[in-house]
Structures are given as structure tokens and as C-alpha cells.
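What follows is one structure encoded as C-alpha cells, with my remarks underneath.
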Amino acid sequence: MSSASSASSALLLAVNVLGVLVFLAAGWLLSHDRKKIHWQSVGILTVLNLVIAWILTSFSWGRAVVQGAAAGFNELVSVAWKGINFALSNWVGAEGVDPTPVNFIVSALLPILLVVPVFDILTYIGFLPWVITWIGRGLSFITRQPKFETFYSIEMMFLGNTEALAVSKLQVQKMSPARNVVIAMMSMSCVTASILAAYIQMVPAEFVLTAVPINCLNALIVTSLLYPVDVPPEEDVIVTYENGADGADGADGADGPDSADGAGESEADGVSAVETRDGAGSGGLGALAAKLMTRSPGRTGRPAKEPFFSFLGDSILGAGKLVLIITANVITFVALAALIDKILGAIWAPLSLESILGVVMYVPALLLGLDTSTSWEVSQLMGLKLVTNEFVAMGQIADAVTGYTRHHQAVLTVFLTSFANFGTLGMIIGCFKGLVDKERNDLVAKNVGRMLLSGILVSLLSAGIVGIFVW
């Protein structure tokens with residue numbers, strides 16, 4: 001490598017490091033109450049995130065872990081081709097080749113029909129709820145964050161935003177309105193494990209999987225900066241109930257919509273308030289919501305299990321709904337973006353949605369350690385993702401991303417790997433409206449700007465942290 005090239009790389013690395021500091025400073029500058037920020041917790045989380053990113057990207061065994069997970073997802077997808085080929089043999093070969101998948105639905109979405117039931121089966125046998133619960137408690141001990149917020153950050157790795165909220169129905173009803181805002185802000189950075197298989201068909205799997213834990217910790221960091229809340233020890237509890245048995249008791253303390261007769265309400269009621277990202281109701285990891293609310297370490301009572309094949313049928317149905325929901329969203333948002341571009345182009349030919357948002361996101365893209373021309377391209381994709389969704393943006397680069405530099409691949413993929421966009425705002429607000437009382441819902445609705453800002457800052461901070469270690 002020439003000295004000029006080395007100097008250029010060193011400069012871009014310095015800019016990347018500066019960018020991480022700027023994103024943290026932006027959280028402090030735009031904070032709701034700077035005096036309440038718990039800097040010890042923020043510092044611990046930041047160091048922990050840097051260490052995780054360093055391990056997953058810089059060590060052979062760390063990369064092996066990520067690549068092993070990616071290979072596992074790829075193997076799962078390759079198994080899915082068997083079923084897809086059986087039903088649609090002229091659309092895709094049994095190994096995903098000869099013929100290759102004919103379109104986005106076949107290549108990225110139909111494998112979900114296997115992935116979702118697999119995760120639901122892990123839920124049925126109790127493994128996934130156990131992982132979420134105990135990792136959440138361990139993270140709370142290390143980071144000094146409130147127990148439920150850390151518990152929720154782990155849920156975010158497995159559930160979509162609205163279904164993660166449905167899991168937490170009783171909890172958000174009992175928490176203070178301010179903590180409800182924190183949960184709403186964190187929900188902007190959810191990633192669903194069952195959809196990762198779709199992502200890795202379009203962008204590098206190693207960076208998709210690296211982004212997941214980094215996003216979760218950064219959601220805690222950013223909300224601690226933007227909307228710090230003091231949680232007294234007596235409020236720092238995780239509320240659960242079994243078969244609605246504790247529902248009346250929990251609702252009484254919440255001033256929420258549940259009353260004594262609400263004890264019999266199922267967790268699905270919270271989901272039905274809005275179409276979920278993971279399958280609109282009982283399917284698609286919906287069973288995980290039931291498990292997490294009805295089973296808790298230390299509890300002696302357990303609900304009766306649904307028969308396995310009935311459970312599996314609901315899961316498959318939910319996975320099918322999920323494919324339809326994503327397809328409808330992608331078609332609609334791509335068409336709406338094209339319509340907006342047409343309208344803007346009629347006003348002035350060079351004007352487009354991508355160009356406007358590209359200008360807004362250009363400086364943040366520069367701070368990720370990209371050169372000027374690459375920053376412009378990345379900023380437009382960032383803006384496109386915020387207005388539409390991650391599938392639209394990933395679809396635009398799917399054919400070209402392997403030709404990008406490693407750093408370019410890393411920061412762009414990590415930024416795109418979350419649900420943070422305008423559409424998600426509506427989903428979260430709608431879900432809160434169906435879960436909590438007017439006071440809590442109104443405070444969440446008043447902080448829509450902070451919710452969007454939280455999603456953007458988490459994505460930028462995650463991209464910046466991973467980018468430091470990938471060149």
C-alpha cells in the first residue's frame with residue numbers, strides 16, 4: 001500500500017472515530033434532560049459495544065462466530081429451497097440455482113415460510129424465552145440499566161416492534177409514561193430474527209448479523225441520552241402474568257385499559273390493535289409473546305401447552321401473512337416513492353426524493369469514513385430507507401454490493417439493518433394506542449420526532465462503531 005493511500009485510509013479512520021463521537025454528542029445536545037443522563041451506564045454500554053464490534057470483526061474466532069451464524073442462516077435458506085422448488089419448480093431450482101430465483105419474492109421472502117416456524121419451534125420447547133430472559137438480566141447487571149429496558153433490548157433481537165410491545169403489554173401499562181416513551185424510541189431499532197434470512201439474500205450476511213447485537217446496545221445508549229429517566233428501585237421490576245391470572249392486578253396499577261374482567265384477555269389482543277411486523281397476530285413468533293408473558297424464572301404455575309401441530313399450523317399461517325405484508329409494503333412504498341419523484345420532477349427536473357434526503361444525510365454519511373462520492377450514494381440510500389423501508393434500499397444494492405469496498409459494505413449494511421423508517425412510526429403509535437391509556441399514549445405521540453431521531457442515531461452509531469474495525 002502506498003504512503004498516500006495509507007494516509008488517506010488513516011484520515012478516513014480518524015473521521016469515522018470522530019463521527020461516533022459526533023453521534024454521541026448529538027444525543028447529548030438534543031437530550032430531553034441532560035442532567036438526568038447516567039454517564040456511567042452510557043460509558044459501560046459504549047465500551048461494551050466497541051468490544052463486541054471489535055471481536056466480531058477483527059478476530060479470526062470472532063469472524064468465525066459471525067460467519068458460522070451466517071452459514072447457519074444460509075443453510076436454513078438452502079433447505080427452504082427444497083420446499084419452494086416442490087411447489088414452484090419453474091421459479092427456482094432445488095438448490096436455489098438452475099433456475100435461479102426469478103424475483104424478489106422467491107429469493108428473499110419465500111424462505112421465511114421455513115425460518116419463522118423454526119424460531120417458533122425453539123419458542124415452543126422453551127429455549128428462546130430462556131435465552132431472552134437470562135441474557136436480559138445479565139445485561140442489566142453489567143450495564144446498570146433498568147431491568148425491563150435491557151430485557152426489551154434482547155427481545156428486539158428476535159421480535160418485530162409491535163409484537164415486542166405486545167409481549168410487554170402488562171409492563172408498559174404499569175410503567176410511568178416517560179418510560180413508555182423510552183420503549184417507543186427503542187422500538188424504532190427492532191430487528192426480527194426471522195427476517196434476517198431475507199436480508200442476507202441481498203446484503204453481506206456477516207454485517208447483517210454483526211448489526212443485530214450492536215443495534216440493541218446502541219438503542220439503550222441513544223435512549224439514555226435523548227430521553228433519560230430515573231427509575232427508582234421499587235419500579236425496577238419485570239411484570240409477568242400466567243394465563244391472565246395476574247392481569248387484573250397488573251391493570252389496577254396501570255390506570256390502563258385493562259380491568260378485572262380484562263384478566264382473561266390474551267396477549268393477542270395487544271397484537272390485534274395493529275398489524276405486526278412478524279405476522280399480524282397469532283403466527284410468526286406470536287407464540288413467543290405468549291411464552292414470555294406466561295413463563296418467567298421462579299414462577300411455579302405454567303399454562304397448558306397448545307398441541308404441537310396446532311401451534312405449528314398457526315406459525316405457518318403467520319409466516320404466510322408476513323410474506324404478504326412485506327410484499328404489500330414493498331410494492332406500495334416503491335410506488336409511492338416513484339409518485340413523489342414524479343411530482344418533484346414536475347416542479348424541477350433534477351429534484352427527487354433521493355436527492356433531497358441525500359443532502360440531509362450527506363454529512364452523517366461523510367462521518368462514517370467514506371469518501372465524498374461514496375458518501376453521496378450512501379446518503380441517498382439512507383434517505384430512501386427512512387422514507388420506504390430496508391427492503392427497498394437493500395434491493396437497490398443487492399446486485400452491486402459485493403463490488404463495494406469492505407468498509408463501504410459494512411457501514412451501509414449495518415445502517416440498513418433495522419426497521420427505523422417513517423412507516424414504523426405509525427405502527428408503534430398505533431400499537432401504543434391499543435395497549436395503554438390516553439396519558440401514556442399522548443406522551444408517546446408527542447415525542448414522534450425523538451422516536452425518529454432515535455432510530456436514525458442508533459443506525460448511524462452502529463454503522464460508525466462497526467466501520468471503525470472494518471477496512
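Cβ coordinates come from backbone N, Cα and C, glycine included.
Sequence annotations record features per position, and here TrEMBL assigns compositional bias 'Low complexity' to 254-263.
Per-residue pLDDT, averaged along the domain 'Concentrative nucleoside transporter N-terminal' (18-90), amounts to 90 for this model. What TrEMBL records for 18-90 is domain 'Concentrative nucleoside transporter N-terminal'.
What TrEMBL lists as domain 'Concentrative nucleoside transporter C-terminal' is 208-467.
Taken from TrEMBL, the feature transmembrane segment covers 6-30 (among others). Under 8 Å from some Cβ of the transmembrane segment (6-30) lie the Cβ atoms of residues 37, 42, 46, 221-222, 225-226, 364, 366-371, 407, 450, 453, 457, 460-461, 464-465, 467-468, 471, all in the same chain and six or more residues away from its ends.
Positions annotated as transmembrane segment by TrEMBL: 42-61 (among others). Long-range contacts of the transmembrane segment (42-61) within the same chain, counting only residues at least 6 positions beyond its ends with a Cβ under 8 Å from a Cβ of the stretch, are 24, 142-145, 210, 213-214, 217-218, 220-221, 224-225, 410, 465-466, 468-470.
The transmembrane segment feature in TrEMBL is assigned to 104-130 (among others).
TrEMBL lists 180-200 (among others) with the feature transmembrane segment.
Sequence annotations record features per position, and here TrEMBL assigns transmembrane segment to 316-340 (among others).
The transmembrane segment feature in TrEMBL is assigned to 347-370 (among others).
As annotated by TrEMBL, transmembrane segment applies to 410-436 (among others).
Annotation comment: TrEMBL describes 448-470 (among others) as transmembrane segment. Through the fold, the transmembrane segment (448-470) approaches residues 13, 16-17, 19-20, 23-24, 26-27, 30, 32, 49-50, 53-54, 57-58, 181, 184-189, 207, 210-211, 214-215, 218-219, 221-223, 226-227, 364, 367-369, 382, 386, 406-407, 409-412, 414-422, 424-425, 428-429 of its own chain, all at least 6 residues removed from its boundaries and within a Cβ separation under 8 Å.
Sequence-distant neighbours of the transmembrane segment (180-200) (same chain, 6+ residues past either end, Cβ-Cβ under 8 Å): 70, 73-74, 76-77, 80, 108-109, 111-112, 115-116, 119, 149, 152-153, 156-162, 164-165, 168, 172, 208-209, 211-212, 215-216, 218-220, 222-223, 226-227, 229, 277-278, 284-285, 319, 322, 326, 390-391, 394, 417-420, 424-425, 428-429, 432, 436, 440, 443-444, 447, 450-452, 454-455, 458-459.
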